[in-house]
Structures are given as structure tokens and as C-alpha cells.
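For reference, the structure is listed below as C-alpha cells.
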Amino acid sequence: MKKQILKLVSILGLVFTALTIHAENITYSLEKQSFNANWQFAIIDNDQAAKPSFNDAKWRTISLPHDWAIEGPFSKKYSARNGGLPVFGTAWYRKRFVVPKQAEGKRVTVTFDGVMANSEVYVNGQLAGKRPFGYIGFAYDITDLLVAVGSENVIAVKTAPENYASRWYPGSGIYRNTWIELDNQTHIAQWETQISTPNISTSSAKVIAKTQINSFANAGKYDVSFDILDADERLVTAVEQTITTQIGNKNSVEAKLTIDQPIRWDVDNPYRYKVITTLRKDGNVIDTDIQPLGVRSIEYKADDGFWLNGRRVQIQGVCLHHDNGPLGAVVNERAIERKLEIMQAMGVNSVRTAHNPPSPELVELADKMGILLQIEAFDTWKKPKHTVVNGYHKYYDEWSEQDLTDTVRIHRNNPSVIMWSIGNEIYEQKKNDGWKYAKRLTSIVKAADPTRLVTAGLSDYPAFVKSKIADEIDIVGLNYKATEYGDIIKRYKGKPILGTETSSVVSTRGEYHFPVKPLEKHPSKYVSSYDNYAPYWAYIPDVEWYNLDKNPAVMGEYIWTGFDYLGEPTPYGGRDHGNKFYWNQDWPARSSSFGAVDLAGFPKDRFFMYQSRWTKKPMVHVLPHWNWPNKVGESIPVVAYSNAEEVELFVNGVSQGKKVMGVDTVRIPVALRYKKNIKHFDSPYRLQWLVNYQPGDIKVVAYNQGKVVAEKQVFTAGMATQVKLTADRHAITADGKDLSFITVDVLDAKGNLVPNADNLIHFSIEGPGKIIAVGNGDSATTEPFVADYRRAFNGKALVVVQSKKGKVGQITVTGYSKQLNVLPVQIESKQ
Ligand code: GAL
């Protein structure tokens with residue numbers, strides 16, 4: 001009977017295919033293959049779509065990864081807390097595929113790196129599995145749901161993200177990569193290989209490699225080898241053993257290896273070995289698995305911070321949400337790499353994946369680029385947050401063990417990962433039995449990875465002392481507690497302390513409001529960029545630095561945030577308490593201003609402020625811009641950030657005097673929630689001059705031991721005459737994924753950025769590339785991201801160009817803007 005139905009299904013499928021969409025023929029290979037191409041997609045709430053015979057001919061054909069919410073439109077009917085975008089609803093993805101004849105008798109597994117959210121996967125109409133959490137990778141063995149090899153199968157994925165489910169923009173749909181793998185009946189289990197380095201010295205590193213072999217059939221004698229290869233793919237060491245498997249998934253293998261004279265993985269030399277596990281039967285390779293290996297020692301000292309490879313490394317960290325600005329939640333390797341490159345240029349050495357498990361691509365890039373990761377699992381446990389009525393609390397009981405275990409299993413071999421966070425500002429902090437939750441989750445992490453420590457972002461002091469949550473984690477992670485570091489260190493003697501979330505200053509690139517005063521809602525819906533403004537629970541970077549300097553035991557900080565992200569437009573929009581999620585009162589303010597870098601990837605002044613503390617190469621930065629026609633003769637504060645000893649300001653060539661970093665302080669009004677008596681802070685971390693404005697130029701010159709080490713000059717710009725397009729990369733790969741990010745600058749005749757230019761520019765492209773998104777860092781506009789036009793925002797915009805698969809050649813991007821001369825840019829798309 002079953003066979004007949006299957007036959008019918010496959011005949012229908014073939015007829016249907018002939019009329020419309022071709023099924024993808026999976027290549028025969030034991031390697032995992034991309035499963036991203038040729039999906040049919042529709043926003044539709046119809047469970048019939050699970051059935052193979054369902055007619056999806058009119059649906060859109062798309063490639064994954066895909067985020068349906070980013071296409072918009074922005075609308076007041078969606079909460080600005082979630083970016084003012086349609087992040088909820090039901091949508092389906094369907095794909096036809098044929099498993100080749102050679103795969104007869106193999107196991108077939110599909111893997112999803114993350115689906116937002118409440119996914120249900122059906123294969124030929126039958127449920128393969130459900131997964132509510134949108135940030136976790138999962139895999140289904142679909143062998144028993146497939147029709148005969150050589151015939152067509154239909155996989156259908158329902159995604160049903162809910163409204164009020166997140167405190168930021170989560171994205172929607174299959175926004176991470178998907179994979180299919182053919183395996184022998186006996187094979188290496190996915191995510192079960194565990195590599196650790198218990199002893200490391202200059203002369204050798206001991207490596208323990210463990211894995212698990214699953215035998216669905218053909219149990220018996222197998223050889224398992226572990227080979228360690230160096231970064232040039234040369235064999236360093238290997239070990240082989242023979243095992244006898246039993247049917248089931250309990251066949252574990254463990255081996256010890258030694259690397260002589262290991263090269264360390266470090267932040268400035270992220271040297272990577274890899275471990276190849278090979279399964280052989282009678283000499284024939286029947287499965288392989290590759291895992292990353294970095295030889296590095298990590299220690300967390302209660303009185304002396306974080307140590308990497310035997311030396312203290314101060315955590316210079318940023319919290320990052322997962323979205324890629326105008327691209328939405330879609331995972332794109334180059335977009336993530338660019339984000340991390342910009343962060344590294346600011347001096348960042350660590351990222352906290354706020355507040356959820358990251359994509360594998362981010363973790364691999366962190367391995368490759370030498371960035372330390374704190375991987376966070378949850379923003380909510382069992383107690384719901386504010387008005388996030390459809391948050392993770394709904395799934396906590398049933399899924400938290402599996403989700404947390406998988407978070408760890410998927411990323412535990414990556415050397416970049418230095419700690420796990422079990423939660424951010426979870427409400428159990430205030431519950432008397434909060435410790436029970438923390439204890440349970442910590443033990444789940446330890447079972448999957450005994451080599452790293454566990455933290456959590458705790459915010460409610462002293463409530464978290466009473467609930468004993470901090471007793472159950474290894475590192476006391478503190479959100480916005482700079483002024484309490486001293487107290488907390490005394491209270492938790494023996495435990496390392498970390499600023500898991502700090503600062504939360506808000507600013508908008510290129511905006512300066514006068515007079516400079518404490519945070520207020522401004523009619524522009526932007527925030528002035530004097531880096532003086534923090535909401536009531538937060539504080540300026542200077543306060544954090546002062547307290548870190550006073551308490552060197554603290555490991556360092558993760559600022560909120562490195563990049564602006566979609567959603568949470570504080571101080572605009574709303575507050576969670578008692579407003580039923582109404583975040584639209586300052587519409588169209590719809591994305592955050594917390595970043596040191598804006599949504600388009602352009603540095604704000606704060607980028608340079610952190611650079612002045614976190615980098616050594618001499619630098620100096622000056623703000624504001626110098627176009628104030630209505631302020632001639634009025635006093636304007638000019639601020640400099642520098643890592644040099646002294647800075648001198650020149651206005652129209654006339655020195656305004658040298659100031660000494662750390663000595664000539666700047667008085668900044670501050671409001672600290674927990675220190676009501678503090679009304680201002682005299683900052684030794686920035687310099688300021690009051691200048692009577694005259695058009696012309698300002699120039700800052702930085703000195704070390706009296707010698708000029710860096711300079712920056714800003715001119716009063718004239719009228720906008722030209723638009724310059726600058727590509728971040730002039731050669732991209734023709735793989736249909738790679739990107740070139742093109743910065744659009746509106747300039748005057750002399751080439752100065754016109755700092756308030758808002759010209760509308762229409763872009764056009766020739767050659768084998770497409771414009772997939774535009775942006776400008778404006779947090780309060782409803783202009784779409786998926787478009788080929790954009791207004792400049794404070795002089796700048798961004799165009800994102802993607803290559804076309806297999807199409808090589810020259811791509812030319814140009815534009816049209818009324819009365820402006822647009823200078824085109826060329827990019828080469830190469831094989
Ligand atoms: C923190 C929270 C973050 C973000 C931030 C804004 O309390 O953990 O997710 O909301 O506030 O300042």
C-alpha cells in the first residue's frame with residue numbers, strides 16, 4: 001500500500017515537475033552539500049503546503065538563506081521594537097529533490113543551521129521534526145521518509161514566527177544555511193566529535209579526540225583514524241584504532257595525540273590545525289569528518305582577569321545582534337566578515353553573541369580572524385520578559401536542555417569560543433529559587449563541554465545575590481554595574497568578574513545638537529553624537545573605563561553594541577513596562593542607536609573613542625563636523641579622541657593650545673541609576689576645547705614625546721557637486737554569494753564630505769552582479785532596504801552588490817542624482 005502511494009506521489013511529482021519546477025538532483029557524495037538552491041516560497045498559512053502534491057507553481061523561486069521580513073514594507077502596524085518590519089506570520093518553503101541511484105541504501109540527513117521560528121519540516125507529507133527556537137541548528141535523518149532513490153521528493157518547511165517574541169529584530173524564515181548529507185549506514189555522528197587540549201606547553205600539546213559512530217546497519221569491525229593537519233594541510237600526527245560497533249548510537253571512540261612544538265592560536269596569530277576523523281571498512285573510506293583545532297590555553301583568574309596562552313588579555317568586547325543591517329538576518333559570510341573587520345579596526349578582540357547562539361559562519365570567521373567569543377544561549381528562561389508574551393519562556397521546559405546542549409555541541413571545537421553564557425538579564429535573577437535554574441543550565445553546559453567556564457549577564461544587583469544565581473555560574477557577568485565592581489569583587493572572592501554588557505550610549509552618525517545637554521528626545525528622532533548620552537540604566541564609556549582602571553581584576557567589557565541593529569530604537573519609541581509593546585510613538589524611529597558603528601557599517605565618533613583606548617597605532621579623531629552657517633561666532637565644543645599623549649587643536653591654522661590626555665579632563669553631565677549623588681563625571685579619556693565657530697577648518701595634531709604621530713583635519717564643505725562610489729573590494733568571487741560593499745559619499749567640488757547632504761541617488765548596475773540592498777545608517781526612515789535608490793544620510797549611503805553564480809566579468813555600478821556628478825565604480829567578478 002505504502003509503495004503504491006509513494007509511486008503515485010512520485011508520478012504526480014514528475015508530471016508536475018515537467019510542467020513547472022525541476023527537482024534538484026543531489027550529487028552522489030559522502031560530503032555534506034549545500035541544500036540552498038531552488039526553493040519555492042510563499043507567505044501563506046495553509047498546512048496543505050506540507051503535501052507533495054500541493055501546487056506551488058505560482059510561488060517565488062528563491063535561494064536560501066532568506067529572510068522574508070527584511071523586504072518590508074516598514075509599517076507602523078509592526079512594532080519598532082522589532083524594527084517596524086513584518087517579523088511574524090506563517091510562510092512555507094518547498095523544494096523538490098532527487099536522491100541519486102548510487103545512494104541506494106544510504107542514510108540521508110538534512111541540516112538547518114537555524115530557522116526563524118517554530119519550524120516544522122515535512123518530507124513527502126510526513127513530519128520530520130519541529131523546532132521552536134529560531135537560533136539553533138538542527139538535523140533530521142529523513143531516510144525513512146523518502147520515496148525510492150531516483151524519484152522526486154518534496155521537502156516542505158513551515159515557519160511561523162510569532163509577534164511579541166523578541167526584544168529586537170529576529171528576521172523570519174530559513175535565514176541560515178541548509179545542507180544535505182548522504183551517509184553509509186554506519187557513519188560518524190554529526191556534532192559528536194569533541195576535541196580538547198588538556199595539556200599545552202611550548203614543546204607539545206596533548207590532544208584528546210572523541211567521536212561517536214552510529215550504526216543503523218552493518219555493525220561490525222571498523223577502523224577509525226584521527227589525523228591532525230597543520231594550516232598548510234601537512235600531516236602532523238595521526239592515530240588509528242579498530243572498533244566493533246553495535247547497532248545504535250552508543251559506539252564511542254577516544255584517542256590521544258600529541259602535537260610537537262605546537263603553534264598557538266592567538267588573537268594576533270589565529271593559527272588553525274584541523275582534525276580529520278576517517279571511518280574505514282576493510283580499508284575503504286566510508287565517512288570523514290573535519291573539525292577545527294586551535295592550540296590555546298585559556299585561564300580565568302579571580303584577581304587578574306582573562307589569560308590567553310599564558311598572558312593577560314583584556315576583553316575589548318562588543319555585544320552584537322545577529323542581523324546584518326540592510327541585509328536583515330540573512331547569513332552571508334562576507335557580510336559577517338566585514339562586520340568583524342570593522343570591529344577589529346576599532347580594537348575589538350571579543351564578541352558576545354547577544355543574546356542567542358550564532359551562525360556557524362560567524363564562529364568560523366572568529367576562529368580565522370582571531371576573535372574571542374562569548375556564546376550566549378538565551379534572553380529568557382521560564383519567566384517571560386516584560387511584554388514579550390511569545391518569548392522563549394513558552395518553550396523553556398520542553399526545549400532548553402536540547403537547545404543548550406546543541407548550542408555547545410555545535411561550537412565546542414572552535415578555538416575562538418572562550419566561554420558560554422546561559423542567559424541575559426533573565427528574570428529568575430529576582431526569584432528566590434533562581435539558583436536552581438542556573439545550576440541546571442550550568443550542568444547542561446558542563447556535560448557537553450567541561451573545558452570552558454559558564455557566565456550569565458546579571459543586571460539586578462543586589463537581587464541576584466539573594467537568588468544565589470551568581471553562585472551557580474563560574475564567571476560573574478555584570479550588565480551595567482561599573483560603579484559596583486568593587487563591592488561585587490569583595491562579595492564573590494574567588495570568582496572571576498566580567499562586564500558582560502556595558503555603556504549603552506546612544507548616538508547617530510553625523511548628528512550634533514546644541515547646546516550639548518543630557519539625553520532628551522530630539523525632534524529629529526536622532527541622538528547627538530557627543531557620546532554623552534545614555535538611557536537611565538546606562539552610562540558613558542568613560543565611567544566604565546574609570547571603574548575598569550580602578551578594578552583591574554575585572555576581565556574587561558562587552559559594550560552594548562558594536563554595530564547598530566534593527567529594532568529597539570531607544571530613546572525613541574517606547575518602554576516595555578506597561579505599554580503593551582507599543583514602541584511606535586516616535587515612528588519612524590525603528591532601529592537602535594547603541595552602536596559605535598551605524599547600520600550601514602559607517603563608524604560613528606564613538607568608534608574612534610574606543611579605538612583611542614583599544615588600539616596602539618597612534619590615532620586622533622575630532623568632532624563635530626565644521627558646517628555651522630547659523631552659528632558663526634557662537635561657541636561650539638570641539639572634542640578629540642586619541643591614544644597619544646597630547647593633542648593640539650588648530651582652528652583656521654591658529655593653535656587653540658595643547659591638551660594632555662589623562663590630565664586635562666572634560667566635565668560631562670551623567671545620571672547614574674545606582675549612584676544618585678553623582679551628577680557629572682570629569683573624564684580623563686577625552687579632550688575638549690570651546691571654539692568660536694568660523695567656517696574654514698579644524699585640525700587636531702597628536703604628539704608623543706613632543707613628536708607628531710597623527711593628524712586629522714575637517715573642512716567646512718561647500719555645495720554638493722559629486723557622488724563618489726568606493727568599493728570595499730574590487731574583486732569578488734562569482735559564486736552568487738560574495739558581496740562588494742560600496743560606500744557612497746556626497747562631496748563638494750574639493751572632495752570634502754558634505755556632512756548634512758541628503759540627496760536622493762538612483763543606482764544602476766551593468767555586468768554580472770546585482771544590487772541586493774541599500775542603506776545609509778538612518779535609524780528613522782521607512783525607505784526600503786531592498787531597492788536600487790537611497791537618500792544619503794548625513795552625506796553617506798551604502799550599496800550592496802552581489803555576484804552571480806558562474807558569471808564572471810566586469811561589474812560597473814553608477815548612479816543618478818539631480819545636479820550631482822556620479823563617479824562610477826568597477827568591480828571584477830572572478831571564478
Ligand atoms: C540591556 C539588554 C540589551 C539591550 C540593552 C539596551 O539591558 O540586555 O538587550 O536591551 O539593555 O540598553
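Residue positions begin at 1 at the first shown residue.
From the backbone N, Cα and C atoms, a Cβ is placed for every residue, glycine too.
Looking just at the domain 'Glycosyl hydrolases family 2 sugar binding' (33-172), the mean pLDDT is 97. Residues or ranges marked as domain 'Glycosyl hydrolases family 2 sugar binding' in TrEMBL: 33-172.
Under the heading domain 'Glycoside hydrolase family 2 immunoglobulin-like beta-sandwich', TrEMBL lists 197-296.
The feature domain 'Glycoside hydrolase family 2 catalytic' is assigned by TrEMBL to 303-487.
For 633-710, the entry in TrEMBL reads domain 'DUF4982'. When DSSP labels each residue, the domain 'DUF4982' (633-710) comes out as 0 helix, 49 strand, 29 coil, counted as helix, strand and coil in that order.
Sequence annotations record features per position, and here TrEMBL assigns domain 'Glycoside hydrolase family 2' to 724-821.
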**Item:** the domain 'Glycoside hydrolase family 2' (724-821) and the domain 'Glycoside hydrolase family 2 catalytic' (303-487) contact flag, 3+ Cβ pairs under 8 angstroms
**Value:** yes
**Asked** How about the domain 'Glycosyl hydrolases family 2 sugar binding' (33-172) and the domain 'Glycoside hydrolase family 2 catalytic' (303-487): do they have 3 or more C-beta pairs under 8 A, pairs 6 or more apart in sequence?
**Response** yes
